[in-house]
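Asker: So Swiss-Prot lists these for the protein:
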- 366: active site (ACT_SITE)
- 411: active site (ACT_SITE)
- 561-587: region 'Disordered' (REGION)
- 1-85: topological domain 'Lumenal' (TOPO_DOM)
- 107-156: topological domain 'Cytoplasmic' (TOPO_DOM)
- 178-192: topological domain 'Lumenal' (TOPO_DOM)
- 214-303: topological domain 'Cytoplasmic' (TOPO_DOM)
- 325-328: topological domain 'Lumenal' (TOPO_DOM)
- 373-401: topological domain 'Lumenal' (TOPO_DOM)
- 423-450: topological domain 'Cytoplasmic' (TOPO_DOM)
- 472-475: topological domain 'Lumenal' (TOPO_DOM)
- 497-587: topological domain 'Cytoplasmic' (TOPO_DOM)
- 86-106: transmembrane segment (TRANSMEM)
- 157-177: transmembrane segment (TRANSMEM)
- 193-213: transmembrane segment (TRANSMEM)
- 304-324: transmembrane segment (TRANSMEM)
- 329-349: transmembrane segment (TRANSMEM)
- 352-372: transmembrane segment (TRANSMEM)
- 402-422: transmembrane segment (TRANSMEM)
- 451-471: transmembrane segment (TRANSMEM)
- 476-496: transmembrane segment (TRANSMEM)
């Protein structure tokens with residue numbers, strides 16, 4: 001396989017070299033190209049010198065930490081290094097699984113303020129589940145593009161994901177092997193710039209989750225008011241074309257008062273302003289109660305809390321530092337951790353069937369590019385971008401730098417999305433077994449057997465990969481150990497508990513029903529909310545338990561019978577209405 005791959009890359013390099021030679025055929029063009037290269041080199045030298053001055057202190061910290069880690073590795077062999085990698089990877093998967101909850105399951109009730117486990121962050125997830133109608137083959141042919149209310153990875157991604165990943169790897173391999181070193185630097189800078197931009201939303205998401213989770217649990221344990229610890233804000237942009245207030249000034253509204261405000265302090269502040277003539281003039285508009293902002297005057301609203309503000313600032317700081325010093329292994333690891341957690345939260349598997357197919361496809365993809373070729377090893381070791389976890393092993397005195405042991409983010413994010421799906425099934429199953437229970441983040445009963453089984457299997461498979469690496473002293477595809485361990489253990493537990501069929505086809509926040517319901521309810525939309533569905537006259541207790549079972553279509557064996565029953569009910573209603581009219585006329 002290496003032979004065919006190298007020949008393919010050679011053909012590409014010949015074609016690119018011919019193109020470069022044709023573009024620079026004349027002597028004037030070659031001279032101008034050299035001048036441009038010199039200008040770019042001078043600019044890069046100036047920027048690098050400027051960055052070195054700004055990041056000298058941070059580089060010293062990184063080097064000191066790296067030297068201490070290498071000292072620990074030398075004194076404890078590679079056990080310390082491998083154990084650290086396994087611990088970090090496992091922690092990222094656990095955190096990513098917790099952050100993947102963006103809605104409540106349709107088996108749960110929405111959270112309420114009166115519950116003992118309530119926290120304001122319970123309202124930060126979607127409460128509306130969706131009821132969608134199954135489409136037959138004819139409908140799928142008519143609708144080439146169907147609107148979806150959720151973005152989940154299904155069976156088709158088992159083909160798309162390995163193909164796109166393989167094309168990306170081959171493109172990077174071609175850049176490393178055949179293009180000039182300067183071109184490789186530009187490619188790395190472009191990739192780092194893209195990751196720098198992505199780190200802003202990823203870092204904000206991760207840091208916000210940490211702060212919200214920390215203060216959520218502290219407020220519950222210490223019986224604090226969570227709205228005092230993490231107050232929530234609403235920033236409204238509205239037009240003032242109707243009231244026409246005086247322009248200028250940013251003054252605190254003194255009439256702001258709610259249950260959290262100390263009334264004594266509020267009254268004391270107003271008395272002090274009334275006594276001071278200058279202060280009274282300054283707050284002259286704020287002493288009068290401002291008019292309410294009508295909804296039709298509100299241009300946009302932004303909802304946030306103090307944790308989100310702090311997280312955004314931390315994300316900006318880490319992004320700027322990574323931009324100034326992209327080669328620092330500490331900040332590179334921090335950015336990689338943000339990307340890993342964010343990826344697990346965004347990659348949502350539909351059910352066990354889609355997760356198993358995608359992992360099996362990636363299993364063969366990983367083996368092909370690690371054992372069959374040197375593509376993955378070459379790209380991972382030559383591109384210094386934050387798509388891997390790296391820990392220093394020893395200091396190379398000849399090259400005056402550190403040698404690192406690495407673990408790709410794909411070995412964290414891809415199994416992580418499967419483990420997150422197991423965690424969602426535990427939540428879904430817990431509410432199914434406990435009727436009429438509300439969803440709350442503080443409910444630690446959500447950590448169930450499938451999530452624990454998947455995590456134990458993941459840790460065991462990572463340890464097996466590390467042991468094989470130390471024995472054979474060659475790069476090991478971690479998915480070779482992770483995929484069989486995850487699938488076999490999860491499926492065995494599901495079969496043992498007789499949940500396999502349910503787990504194989506379940507959907508966390510979406511209910512699929514037969515299309516006959518669409519005719520009965522007479523809705524033109526492709527989906528309705530769960531709350532609307534349960535309030536409809538076609539939903540009774542028998543239908544409720546059928547929806548939670550294996551197949552909804554069992555209650556709708558024959559569409560004609562269902563329509564006939566509907567017609568009979570309509571006719572009976574008509575007869576009743578005629579009798580009522582006759583009674584009214586006689587009276």
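Even glycines carry a Cβ here, placed using N, Cα and C.
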Asker: Could you put numbers on the helix, strand and coil content of the topological domain 'Lumenal' (178-192), residue by residue per DSSP?
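Answerer: Tallying H, G and I as helix, E and B as strand, the rest coil: 13 helix, 0 strand, 2 coil.
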Asker: Cα-Cα separation of residue 366 (active site) and residue 411 (active site), in Å?
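Answerer: About 10 Å separates the two Cα atoms.
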Asker: Go through the chain and flag residues at least 6 beyond the ends of the transmembrane segment (402-422) whose CB is under 8 A from any CB in it; none is fine as an answer.
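Answerer: Counting only partners 6 or more residues beyond its ends, the transmembrane segment (402-422) has Cβ contacts under 8 Å with 66, 70, 78, 81-82, 85, 89, 92-93, 96-97, 100, 153, 165, 329, 336, 339-340, 343-345, 347-349, 351-352, 355, 358-359, 362, 366, 380-381, 387-396, 450-451, 453-455, 458, 462, 478-479, 482-483, 486, 490.
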Asker: May I ask you to check whether the transmembrane segment (86-106) and the transmembrane segment (451-471) make contact, with contact taken as at least three Cβ pairs under 8 Å and only pairs 6 or more apart in sequence counted?
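Answerer: The transmembrane segment (451-471) and the transmembrane segment (86-106): touching, yes.
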Asker: Would you say the transmembrane segment (304-324) and the transmembrane segment (157-177) are in contact under the rule of three or more C-beta pairs closer than 8 Å, pairs 6 or more apart in sequence?
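Answerer: No, these stretches are not in contact.
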Asker: Averaged over the topological domain 'Cytoplasmic' (107-156), what pLDDT does the predicted model reach?
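Answerer: When the pLDDT values over the topological domain 'Cytoplasmic' (107-156) are averaged, the result is 72.
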Asker: Could you give the number of helix, strand and coil residues in the topological domain 'Lumenal' (472-475) as assigned by DSSP?
Answerer: 1 helix, 0 strand, 3 coil
Asker: Reported in the order helix, strand, coil, what are the DSSP residue counts of the topological domain 'Lumenal' (325-328)?
Answerer: 0 helix, 0 strand, 4 coil
